[in-house]
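Q: Could you have a look at this structure, given as structure tokens, before my questions?
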Amino acid sequence: MLHKGDTLVIASHNQGKIREIQKLLDGFELKLISATDLNIPEPEETGLTFVENSILKATEIMKACQLPCLADDSGLCVDALEGAPGIYSARWAEKEDGTRDFNHAFHKIFSMLDPTKSYAAHMTCVLTLAFPEGSAHSFEGIVEGQISFPARGEYTFGYDPIFTPHGYSQTFAEMDRDLKSSLSHRRRAFDKLIHFLR
């Protein structure tokens, strides 16, 4: 269990993800550091599900630093693409030179879909909290919605510019940050994590 003042390692090198997690954990009075801060490389994601990859990241980085570790594996799943990009969401954004550009991923998705039609999709986040004594606990959050053509919004984090949650006309990238945070798949997973911590 985590207590006030404890150190928690965020098992990520993604600065947008780290900022979002820090905001969601605000109020717990934990000392938050990232795998980047500790110069621990991210392990290769060899799992076949979000849960498997989240557990893998949390446990491998926890073993490297011997501190409680929180990992996140998340992505966009498009029904018409049989759930793709899914666990490969980050890889779909990789260009030939190895850099990551989500516009590249948007183009790939749009090239497979008809922009005159509506496509159901969901965003998934699995958080795993791993402790040095060996236990690991996973929490899943899902938000249903649809793909938006074209990409819209100024807050361009991940697939936010092409995902509109059910009940809203704005993409995640067009929303006020507090509204997006309150609706997100990561928020839903965090609500389960927070319930566990309390």
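In case you wondered, yes, glycine gets a Cβ from its N, Cα and C as well.
What TrEMBL records for this protein is below:
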| type | residues | note |
| --- | --- | --- |
| BINDING | Ser12, His13, Asn14, Gln15, Gly16, Lys17, Ser74, Phe157, Gly158, Tyr159, Asp160, Lys180, His185, Arg186 | substrate binding site |
| BINDING | Glu44, Asp73 | Mg(2+) binding site |
| ACT_SITE | Asp73 | active site, proton acceptor |
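Can you walk me through where each of these features ends up in the structure?
A: Neighbours of Asn14 (substrate binding site), defined as other CB atoms within 10 A of its CB across all chains, total 20.
Residue environment of Asp73 (Mg(2+) binding site) contains 28 other Cβ atoms, counted within 10 Å of its Cβ in all protein chains. DSSP assigns Asp73 (Mg(2+) binding site) to a strand.
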Q: Within 10 Å of the Cβ of His185 (substrate binding site), how many other Cβ atoms can you find? Include all protein chains, please.
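A: Excluding its own Cβ, His185 (substrate binding site) sees 25 Cβ atoms within 10 Å.
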Q: Would you identify which of the binding-site residues Gly16, Gly158 has the most other C-beta atoms lying within 10 angstroms of its C-beta?
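A: Highest number of other Cβ atoms within 10 Å: Gly158.
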Q: Could you measure the widest C-alpha to C-alpha distance across Ser12, His13, Asn14, Gln15, Gly16, Lys17, Ser74, Phe157, Gly158, Tyr159, Asp160, Lys180, His185, Arg186, the residues recorded as binding substrate, and give it to a whole number of angstrom?
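A: Of all Cα pairs among the recorded substrate binders, the widest measures 22 Å.
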Q: Mind checking which of Glu44, Asp160 has the fewest other CB atoms within 10 A of its CB? They're the binding-site residues.
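A: The binding-site residues Glu44, Asp160 were compared, and Glu44 has the fewest Cβ atoms within 10 Å.
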Q: Please report the distance from the Cα of Asp160 (substrate binding site) to the Cα of Asp73 (Mg(2+) binding site), rounded to the nearest angstrom.
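A: Taking the Cα atoms only, Asp160 (substrate binding site) lies 15 Å from Asp73 (Mg(2+) binding site).
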